[in-house]
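Participant: Dumping the structure here so I can ask a few things about it.
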Amino acid sequence: MKESLETRPSAALKSFFQLHPSFRKGFLVFVLFGTSMAIGDGVLTPAISVLSAVSGVKHKITGLHENYVVLISCVVLVGLFSLQHCGTHKVSFMFAPIITTWLVSISVIGMYNIIKWNPRIYHALSPVYMLKFLHSTGVEGWISLGGVVLSITGVEAMFADLGHFSTLSIKIAFTFIVYPSLILAYLGEAAFLSKHHEDIQRSFYKAIPEAVFWPVFVVATFASVVGSQAVISATFSLVNQCCALNCFPHVKTMHTSNQICGQIYIPEVNWMLMCLCLAVTIGLRDTNMLGHAYGLAVTIVMFVSTCLMALVILIVWKQRLIGAIAFFMFFGSIELLYISASISKVHEGGWIPVVLSILFMCSMYTWYYGTMKKHEYDDENKVSMNRILSSGPSLGIVRVPGIGLIYTNLISGVSAVFGHFVTTLPAFHQVLVFVCIKYVQVPHIDEEHRLLITRVGPKECNMFRCIVRYGYRDLLQENYDFENRLVFSLMQYVETEDQFWKPMTPCEYEPLEQSSYKYKATNTTVDDREKSTHSEEAMLIMRAKESGVTYIFGHCSVKAKKSSSILKKLGIDIVYAFLNQNCREPEALLNVPHTSLLEVGMVYYV
């Protein structure tokens, strides 16, 4: 497909961000703040959904103490988060029946209330009444928009599940099922309120006919759990993407589906969300305060999404500037109106998402800053192999028996960790392999295609680079099997090295992605002396394996310089150090045995 030509506004915007690093940092902070608000939404949505649903029992059992409502809500929340490890695909068979029953219930109840209390309520669909209401009420009407926004919050949870369902299926479901059901439900509730002004605080459950109250109550509770499940799953996906962009500490990600990459489970994030949900539920105990916090969080997320979507229209889709501006002005003005009304409720619970977002944003930006500084140091301090070889005699470098596996994120060049290791302890293993692990967006990688091996330096150095590829559903290697596969692949590589490096015509070439060690036969032959050399090197690798395999990891610390500001010292020396010490280390993710582990400590000053 032919790419669209670069437009003048998109090129100007790109060059502006390239020439002004401070604006790039400010834009990153803006995006991280919106992302943090979305994570905070993952805390507030389960809390308000479950607490609101369970609170309905007080309308039937009037003497029930509020503590019991909170206790029941906490039990439901604990059960909800405890089931997350099962994966969406194992529990989603219940979602469609529950949501379908829920939508049918509120539609039928809405039509019942319309017919019984006010058949002319359909006139409320006209925006003229909204304008009359705002004109007559003034400031009070504007403040009431902070509560009106709750009528649309929660519906966005459908779109939070894009990692689990297709965009088309969500569009069809929303247009033909969800939206009509909501319209009928709200019209029915409005019809009931038109005759019962005193029940405005509990209008939903009051409007339910007595005969069907308990069935609807049960369905409402299950529906709140399903809606919470969607937002929790979206939070997992969001954190996973932040980890890929180095904006979140490394966590354990478990993929729960062989077909859909977006269905994941992150234990640390799950229990963190559960603790925060319980704290908010127990601490506030009030659905009104939770509603104020929830409304502010959702409207800010919507506004940030609108801003980013306008940039996508301009830069990615390369549409005209007027289209991006029109999109932003139409949707952004509505969202800013809701935000302005919600801000007035900051002191009544709206401060909760703000505080949570600031904490998340500061932690994520600090992690991003420290990680980028480490990557910059690695790139700027790559070790030249010629430099190591030329300085070998002066350093007294010796080769010791065994195979050394140096884990690095670099797919080219020699990591600074190796240079530090050699200068500190001028000896390394008889066979040295630089291992780089990469994850690809497919469920599984065949074993015969997992390892990609190249040589580093001249042949007499016996140094190689191995890129290990894993699909998102592949389990990390069991070390002894990995060692055997690696040694076999190294021996196979040195035996077929001439065929690998021989130039091939396009018809002789077979892509590495499809066959790592399958090469087309050529007409040239390798002489006996080269075969003997390869056999000797293969035997050297085998003997080195028998001597033992050592896993070498760089344990890098980042510290602020003495001349740095107090804020930078606080962020790097305290916040980043805390996150770095408590995130999952690479050796833990790879299940490396401690008896074979060698860590090389380094300190970076930024």
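Numbers run from 1 along the shown chain.
Each residue, glycine too, has its Cβ placed from N, Cα and C.
What TrEMBL says about a protein is an automatic prediction, not a curated fact.
Not my notes, these are from TrEMBL:
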DOMAIN    24-390  domain 'K+ potassium transporter integral membrane'
DOMAIN    401-604  domain 'K+ potassium transporter C-terminal'
TRANSMEM  27-48  transmembrane segment
TRANSMEM  68-86  transmembrane segment
TRANSMEM  93-115  transmembrane segment
TRANSMEM  141-160  transmembrane segment
TRANSMEM  172-192  transmembrane segment
TRANSMEM  212-239  transmembrane segment
TRANSMEM  294-317  transmembrane segment
TRANSMEM  324-344  transmembrane segment
TRANSMEM  350-368  transmembrane segment
TRANSMEM  388-411  transmembrane segment
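How about a rundown of where these features are and what they're close to?
Facilitator: Per-residue confidence over the domain 'K+ potassium transporter C-terminal' (401-604) averages 74 (mean pLDDT, predicted model).
Panel annotation: around the transmembrane segment (68-86), residues 46-47, 50-51, 54-55, 57-58, 221, 225, 228-229, 232, 254, 256, 265, 267, 270-271, 273-274, 277-278, 281-282, 285 of the same chain, lying at least six beyond its termini, place a Cβ under 8 Å from a Cβ of the stretch.
Tertiary proximity for the transmembrane segment (294-317) is limited to same-chain residues at least six positions away from its ends with a CB under 8 Å from its CB atoms, namely 4, 7, 9-10, 13-14, 30-31, 33-34, 37-38, 40-41, 44-45, 48, 146-147, 149-150, 153, 156, 323-325, 327-328, 331-332, 335-336, 338-339, 342-343, 345-346, 350, 353-354, 357.
Remote same-chain partners of the transmembrane segment (324-344), defined as residues 6 or more beyond its termini with a Cβ less than 8 Å from a stretch Cβ, comprise 9, 142-146, 148-149, 292, 295-296, 299-300, 302-303, 306-307, 309-311, 313-314, 350.
Using a Cβ-Cβ cut-off under 8 Å and counting only residues 6 or more beyond its ends in the same chain, the transmembrane segment (350-368) has close neighbours at 28-29, 32-33, 35-37, 39-41, 43-44, 242, 245-249, 276, 280, 284, 292-297, 300, 342-343, 571-572, 575-576, 579.
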